[in-house]
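**Q** Checked Swiss-Prot, it gives:
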| type | residues | note |
| --- | --- | --- |
| TRANSMEM | 54-74 | transmembrane segment |
| ACT_SITE | 224 | active site, nucleophile |
| CARBOHYD | 296 | N-linked glycosylation site |
| CARBOHYD | 424 | N-linked glycosylation site |
| DISULFID | 439-782 | disulfide bond |
| CARBOHYD | 514 | N-linked glycosylation site |
| CARBOHYD | 542 | N-linked glycosylation site |
| CARBOHYD | 582 | N-linked glycosylation site |
| CARBOHYD | 649 | N-linked glycosylation site |
| CARBOHYD | 733 | N-linked glycosylation site |
| CARBOHYD | 748 | N-linked glycosylation site |
């Protein structure tokens, strides 16, 4: 066994054999060690030890270097991590600030950033426990595969509404805003029913500090271009020329022109608000995509009106409006009209309601952004701001094609839920076209300009077409299958359809707080705009001045008219002048006594006119023209269910006003209670075609008696009118009767007075009015009696226009009378 060289000689000597000596030559002899041999060994050891020492020191130094490097790296990493966190935090703040301040919002960065913002850890997106600043849009993650994550509830708002609250209402902190600018923002196709989905909560917060409409009726037809132009002119489509989205007028163009792209300014009639404002004040008006802004038909175009660009994000549009409002006072527009094309587009192409709901959520976010920006810029309390819409939306489930029913040669057809036919060939008559449709298609009404209900105000202008088709809700018309857009939703229907109803919200220093106005039609807006801009009455409109007084903080004082209709000139003492029939002398004497007894009793007719007078028949009155040779009459009846019946078969006049009976006594009757002696007045008689008598007049009388029995008392005005050109306005020559009308008033509380009519609670007064064109043939042939009556309802204002007098109750305020006169009835009692 080999021993270690480090063993001592003393220890090892006894174990060595005597013969084993180390010779100087390197051999052993007898156990003796040679010293030269030992020195060599030491030298070898020393050399090896030094080498190992050097290696060890080197390894140690290397280890120390590694440790130092690791420590330095750890220190650097820690510092880098801290810097990174600070940088991320700083970037987040900067990006959030940029989002609020830059005129190019996040939407311009594209859908990718919008979707990334909500990804966990992404610096722009809100963390689960961190609120994002106002104005920053919530952004969804990009989904590259099937989305298995359930959506959040549709009605959970993403907006923050940090601007809401009324604590600073009317307190403008900026200088140069003594006259508040007016901003009108339209949300195309925002139906009244969308409000009830409770998604666009920004509107609720606006109403808390301002005003809202219960609902708004569009003008007929409820299409985008006609209604947007009605909103800024105060005129019905038949009066401002934009009768639909597409219009044919051979005096302007030989083809059906789209109002989206037409080059002809002549289509746009009437004077829009921006023109009136500039003309009357000399101040600036800017327009962002509103219908008509691109056409200078009056000589006063908007100062700024960019070309329409549907791709421009809503945030950019909002920022544009805000930047306009921030301009110096001499550059700032006093009027801004702005347009957003949603949710109309979503409604047209919706697969289900969720598609519209999603767009409503986006609208809420954008409106919240708008209000936040106005608040941040301290503009919110310095401007009058209105949000409104033009129409609603209806799902489509049935389509008819003109070519399936007509030879289209010589005809021009216009698509839509109101199908229109223009006759462009003089050899084709209106009846030729009408006969192809009238009562041929179930639930489709066929009208001509002569029998369109007056309330629609869609017959004055030939641009409406010669024949109009309108089906039930859900029906639409196209020229052919090839022309069918296959829309899932559309609009244009009669405003009776609740899905066509729309919205109005407003706030600002000129508006009351938390106030709701009763329903109205959008032609009323123009008078509101002129009032807010200080130019009230600058142009005539189809609306009524003062309609919005009850939502304004400082409405002007208004009085009722003073030209109450007076009594007709007396030519003799009251007595009965018999004209036809058989009657006893005793009966005539009793009736003469009755006329004498009431002849000088106070009579207050709730009508205003300089051109009419009344003839007193006690509980009845006859309204006639002061001009001679005028066949038009109006009969006022004060009716009670408990009045005794007294049938008669004669006719008479009151000799107090007339000395001669007419040569012809008509057989029809305008009075409701036809079993009384006073119903035998000659002036209440009328001749009408048999079909009209059966389909209109008889059902009207029966329904009126039904109402009298139901409500107990009624105040009724029935009359005849002349409107040969179908413009809804009384003709100057009244020799030919073309229409009949009726106004019925009841009290849902109790009557304070019957003559003139007055309820103990003025808000409980209800009215129902009708105007019927007198025709032998019309679409009524295929309608039920109630459908006919409802279709031909009208406002009192409509009756005023076609009769020539104005209605008003002296005991009511001008605004109360205005609300009654403009009330639209969408159902029978």
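Residue positions begin at 1 at the first shown residue.
A Cβ is built for glycine as well, from the same backbone N, Cα and C atoms used for every other residue.
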**Q** Cβ neighbours within 10 Å, counted over all protein chains: which one of the recorded positions 224, 296, 424, 733 has the most?
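**A** The largest 10 Å Cβ neighbour count belongs to 224.
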**Q** What whole-number Å value do you get for the CA-CA distance of residue 733 (N-linked glycosylation site) and residue 748 (N-linked glycosylation site)?
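**A** The Cα atom of residue 733 (N-linked glycosylation site) is 39 Å away from the Cα atom of residue 748 (N-linked glycosylation site).
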**Q** Ten-angstrom check, please: count other Cβ atoms within 10 Å of the Cβ of residue 582 (N-linked glycosylation site), all chains counted.
**A** 9
**Q** When the Cα of residue 424 (N-linked glycosylation site) is compared with the Cα of each of the recorded positions 224, 542, 748, which one is closest?
**A** 224
**Q** Using all protein chains shown, find which of the glycosylation sites 514, 542, 649 scores highest when you count other CB atoms within 10 A of its CB.
**A** 542
**Q** Around the Cβ of residue 439 (disulfide bond), how many other Cβ atoms lie within 10 Å? Please give the count over every shown protein chain.
**A** 14
**Q** Determine, using Cα-Cα distances only, which of these recorded positions is closest to residue 748 (N-linked glycosylation site): 224, 514, 542, 582, 649.
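**A** When the Cα distances are compared, 514 comes out closest.
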**Q** Within 10 Å of residue 649 (N-linked glycosylation site), Cα to Cα, which of the recorded positions 296, 542, 582, 782 are there?
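**A** The recorded positions passing the 10 Å Cα test are 582.
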**Q** From the recorded positions 439, 542, 582, 782, pick the residue whose C-alpha lies nearest to the C-alpha of residue 514 (N-linked glycosylation site).
**A** 542
**Q** Going by C-alpha distance, which of the recorded positions 224, 296, 439, 582, 782 is nearest to residue 542 (N-linked glycosylation site)?
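**A** When the Cα distances are compared, 224 comes out closest.
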**Q** What Cα-Cα separation, expressed in whole Å, is found between residue 296 (N-linked glycosylation site) and residue 224 (active site, nucleophile)?
**A** 20
**Q** So of all those recorded positions, 224, 439, 782, which one's Cα sits nearest to residue 582 (N-linked glycosylation site)?
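**A** Result: the closest of the recorded positions to residue 582 (N-linked glycosylation site) is 782.
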